[in-house]
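The transmembrane segment annotation in TrEMBL covers 99-118, 124-144, 156-176, 233-254, 260-282, 354-373, 393-411, 416-433, 453-479. Taken from TrEMBL, the feature domain 'STAS' applies to 503-626.
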Amino acid sequence: MGNADYECPHRVEIPPSKPFFKALKSSLKETFFPDDPFRQFKNQPTSRKLVLGLQHFVPILEWAPSYTFDFFKSDLIAGITIASLAVPQGISYANLANLPPIIGLYSSFVPPLVYAMLGSSKDLAVGTVAVASLLISSMLGKVVSPTENPKLYVQLALTSTFFAGAFQASLGFLRLGSVVDFLSHATIVGFMGGAATVVCLQQLKGVLGLIHFTHETDVVSVMKSIFSQMHEWRWESAVLGCCFLFFLLLTRYFSKRKPAFFWINAMMPLCSLILGSLLVFLTHAENHGVQVIGHLKKGLNPPSMSELAFGSPYLSTAIKTGIITGVIGLAEGVAVGRSFASLKNYHIDGNKEMIAFGMMNIAGSCTSCYLTAGPFSRTAVNFNAGCKTAVSNIVMATAVMIALLFLTPLFHYTPLVVLSAIIMAAMLGLIDYEAMIHLWKVDKVDCMVCLSAYFGVVFGSVEIGLVIAVTVSLLRVLLFVARPRTFILGNIPNSSIYRSIDQYPVANNIPGVLILQIDAPIYFANANYLRERISRWIYEEEDKIKSSGETSLHYVILDIGTVGSIDTSGITMLEEVQKNVDSKGLKLVIANPRSEVIKKLEKSKFIEKIGREWIYLTVAEAVSACNFMLHTCKPNPREIDTNRQDGNV
């Protein structure tokens, strides 16, 4: 190959430097405003900007003017349908949280109204959620007994709801939604499954008619509490509970087989509530071991701002409970909202959702409500019922308001065992074993994260399971950052494409040239590892060449096209690799550097040390240059610079 055969490579440009504050502004915009929410305000008069600003923070002002009667008919049907689910779920989940049942009804009145004004999802149905209820029960129950000091317990629950809302709203206003991203899909699947298992086991208290029960949530304590009280089991309550549970599971199975009859599954909890109450009333089962709700006072939510226990000695527990339940509520609500939004091909703003969730929980804490979110079951019913907008939440809240004003005395004879059956039927649907099997097939590490969350909740506590899952997820991220993958690249036959030899066994090695690809940003956390790994690749390649009698190694090409950024430790690592390569009589070549990387390499004088002529736009050009030098046997590798355009990078 002569000089005439050598094709001049393209020049690698160094991007012009930007003023510090301009670069900082650009970086902050990319970090916190990737969706560019201010683009709609450009070139608009002040009055229009004010209107757009109000519509941005209060989305109902944006879609309400175009709301039609046809939309209202659909939302009316959907709202009444989810109201039939909201009443029994509200009472059941309040019972799970060891709160008065009426608070569960209160929580389905005010928060949905707030969300309808501030939320960006058309399908999300707001209400209490089982996992948050369990968290409140387990965390607050450790410091205050709900039976011995019920007033203080309720105050702490309202206070934790306030802090949950404040935390959620803060994340939204500061656009820090990435905090929720630390709860991966695998974490949520395992955590929800574990919580559902614990909830189901705890409901055996209601099914068996037990009065005294453990406050612990781990499976060992729960089972010990159940079997240590076998002499107190009530067969009347057990038979009633098993019958209603079978009834609920049967209707859910039928609704899944026949999606058009989804409303049957949606109506069954309310029907069970009514049927159970009638059965107890007619048979006086409350006198035979079947526990009932008892008196529920009529009227709308009383104000509770004065009940917030900011001066309580247990304030730190309330804050911790609020933050943890707030994160869980956000993770579930945003995930559910995005899932159903994708089915209707529209987008929801995660930061708006956080603000909406935060404001509705702050408002709820001041109106005798405990934590609310966007439960999957209620949202699925809302979606299947044909809702068009968030007005369905307003209709649901109106129906609950009517129940609070006129119907609460009818719940006096509602048996607790029916509430337990409703909770168990709902929780069994959260144990997603199919998702766990899928995770095992696709990603074993994700499956381990899922199982660690599940077993942490089941055998430890809800908090332990959450901490274990998040810790394992973070360790996985740190492992990927600290131990990035490196590959040997080869040439795909009859092309100028270079790919991993492991992925493409047909790819050919280039005689005398070792091509390595680094598959991650280079930081202080992985710099030492990469230096040692590159050295090992070189040792192994030299040993392989010696044993096979092939052409000796002359060039090491580093493909850093996937290296998005580099810090000073990474640059130092490259300098040390260059010295190591030079000491072996080899030449280091850089290919495909990214904008930020080449800029820092130029400022650190690394380009001058390696030689501008040894930085190439593509791996193919770098290989061509190395082959040119090998075949022309030039004594000074810098002579190749005469073949490059302008002799500059």
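Even glycines carry a Cβ here, placed using N, Cα and C.
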Distant-in-sequence neighbours of the transmembrane segment (453-479), which means Cβ under 8 A and at least six residues beyond its ends: 131, 134-135, 138-139, 182-184, 186-187, 189-191, 193-195, 197-198, 216-220, 324, 328, 436, 445, 525
Surrounding residues of the transmembrane segment (233-254) on its own chain - C-beta under 8 Å, 6+ positions past either end: 206-210, 261, 264-265, 268-269, 272, 276, 279, 285, 288-291, 415, 417-418, 420-422, 424-425, 428-429
Interface-richest range of 99-118, 124-144, 260-282 toward the transmembrane segment (393-411), CB pairs under 8 Å: 99-118
Model confidence over the domain 'STAS' (503-626), averaged pLDDT: 89
Range from 124-144, 260-282, 354-373, 416-433 with the greatest count of C-beta pairs under 8 A to the transmembrane segment (99-118): 354-373
Composition by DSSP (helix, strand, coil) of residues within the domain 'STAS' (503-626): 63 helix, 22 strand, 39 coil
